[in-house]
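Take a look at the structure set out below.
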């Protein structure tokens, strides 16, 4: 049994994910009638504080350019950290600006939702979001605790780029513990921001795919006479789901752009450091964790985007198989317009309008990384210890 899920029902299902955005310093602006004034003030205070800290941290990382250019690998690793924190700070600033102006993406998303969804599905998604919230907080807590323990118990080499990037003082000083604690809080906020965007996309992708599947099932189980009578209502329902896709895209588009902008350089620099020599194990481990996290997040986002794109275009195969023998010209023209809508342009989540996430995205990203690996291997200097000895020859002129 299906029933209309209103704005309150959808917002209630999203509450666990909204807590992650609350801790990330990039909270979503809710309709005025939902949060209290105290909660609104607290959200704005946390958002501004985290945004200010990220900007200050990104600016202070300018000292990485003082690394000698002879050590190009360390310079690139430091540049990778600079790029990562700059992207996070810029994303936070843009999110704060969009929320304070007319760009109320999340409010428009809630208002545009007018679909017939199974209430059981919404309840299931709410339980899933609650489990994801607990798992996310536990994962972030364990990871950051391990990092803090690592910084506090082990002595990091002074020539490590990690010491300069994290701006840590000498191990054992009075301010060292506070610096590690502050870095841990900032890392927790950044982690909440990444996970909240991922869970938001997961929530709406499941909802969107369910709606597209319901429409396709309705077309498949209808005969030619029923389809001729209901083609207009089916087309309108399909457009409502497409509007929901566009609203989700408006909400997450710039966040996806910053994610891909940080993922590709981070992965390339990690591959460069892995192939080259003379890199500290600590630096290689940290940049490896960053690359693995970014790649994993991108794989999940690309898979969800491909699924939405696939579900959005599956309906055209069923419409191609419709028997139009006894249909009127008016119904055939409506069916042709509907098919043109399905085939004219791709439907899905775009990355700031640059490209739609579909199957070709995998080929694009994989080709970029493989090309970079080939270039790095070809330009790697050959070590003398791997060269075979060449016997000397005495040449005597007669």
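We number each residue from 1, going along the chain as drawn.
Backbone N, Cα and C define each Cβ position, glycine as well.
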According to TrEMBL, which of these ranges is transmembrane segment: 227-246, 287-306?
287-306
Range annotated as transmembrane segment in TrEMBL, from 308-325, 362-379:
362-379
TrEMBL annotation (transmembrane segment) - matching range among 5-26, 335-356:
335-356
Hey, does the transmembrane segment (287-306) touch the transmembrane segment (176-209), meaning at least 3 C-beta pairs closer than 8 angstroms, sequence gap 6 or more?
yes
Best-contacting stretch, by C-beta pairs under 8 Å, relative to the transmembrane segment (362-379) and drawn from 75-97, 256-275, 287-306, 335-356:
256-275
